[in-house]
Amino acid sequence: MSGYWDIGYVYTVHLGPVVLPFDKFYLLGIMLSKGCELDQMRYGCRIYNAQCSCGYGCKSEYRYDNNDDCKLALKGRRSDICSRSKPCLNEGSCSQISSEPGFKCRCEGTGFYGTYCETPCPRSDNTLFRGQFPYECVVI
């Protein structure tokens, strides 16, 4: 499910049981993640967890024009980096995208964050942690 507000960016809405902050937007039971600028939005399909998923989103993620094109790419798994190399660690979910490196790992709920879901989340009582707390690590 996706939506956008007239503020120059598309926000993808992910329904779920938790409240996750991202770019200072908070909604109970819904996570808003900053996607792309409005002129980069399109209707298309993408490969997500070895299945085709169609909807509105960023051109870089929704790279296939329709479900048939997506299914053809899915059958020829050589072009799907998520199925071929399984880059996401620690049970992270992989989405194939057109921009480099060709995939994006979703780490929410795994206890890890980073490009490959490779970095353990800092403990909330860790006084040595410096920097912005990764949104993938927020547990409510």
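Every residue, even glycine, has its Cβ placed from backbone N, Cα and C.
Checking CYS82, CYS105 against TrEMBL, the residue bonded to CYS88 by a disulphide is CYS105. Computed over the domain 'EGF-like' (78-118), the whole-number mean pLDDT of the model equals 87.
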